[in-house]
Amino acid sequence: MRILLTNDDGIHADGLAVLERIARTLSDDVWIVAPETDQSGLAHSLTLSEPLRLRQLGENRYALRGTPTDCVIMAIRKLLPGKPDLVLSGVNAGANLADDVTYSGTVAGAIEGTVHGVRSFALSQAYSYVAGHSIPWDVVETHAPALIAKLMRIDLPPGTFLNLNFPNCEPGEVAGVDVTSQGKLDFGLSVEERTDGRGLPYFWLRFGDRKGNFRPGTDIGTLRDNRISVTPLKLDLTDYAVQDIIAAALNSEVGS
């Protein structure tokens, strides 16, 4: 089985090293194509206004000056000797839950793999943002190999990929695995204005207190219960339930 690894935290990220160890428990044909620099929050973006610079760092290991989407495209269309059987994106430092998935470069790596018809999983490890708290990488490293092996035996529909989130706890405290839906999260974003040395303003986006929907069955609620969240997502964003409502309203307007 050929496995392609990518991420959005960059080629030297701890989470990518963890993901490589996970992948090598499943296969000896592992390829890594990851961004040269941190690409967090760039979602499913392409680099179209400047060239893509590629560096080989070792056997089947490459750093690309581009986004996670660029990395998957470069790997599948240029570098690999054949299409991979699995794309793993991550392991992200921090959970990708609820509305996070629309911003996440980690999730975008799985999206692009799915665009190319390859089974794809995004992996993220939750942790406490309180100063002094480390990221419990041993949780995902302990539990992901068996979980991925089980998920590989499932025949997913075309256009579907999986978003895996691992809880912030000790490996032995993980209470199980839930198949979840996306929750709802308010990031509490604000815009902070500062002044540079020339007296000109510049701005930072800042996260405040996050408020969300923690009900059972959602990705957020599941992680709070120290359970692994597996959320099936799909490329098709069409809201089929609303199609007929809109069509009926438009037809009514035309006839009036």
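Yeah, the Cβs are placed from backbone N, Cα and C, and that goes for glycine too.
Listed in Swiss-Prot for this protein:
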BINDING   D8, D9, S40, N92  divalent metal cation binding site
Fewest-neighbour residue among binding-site residues, criterion Cβ within 10 Å, set S40, N92: S40
DSSP-derived structure type at S40 (divalent metal cation binding site), helix or strand or else coil: coil
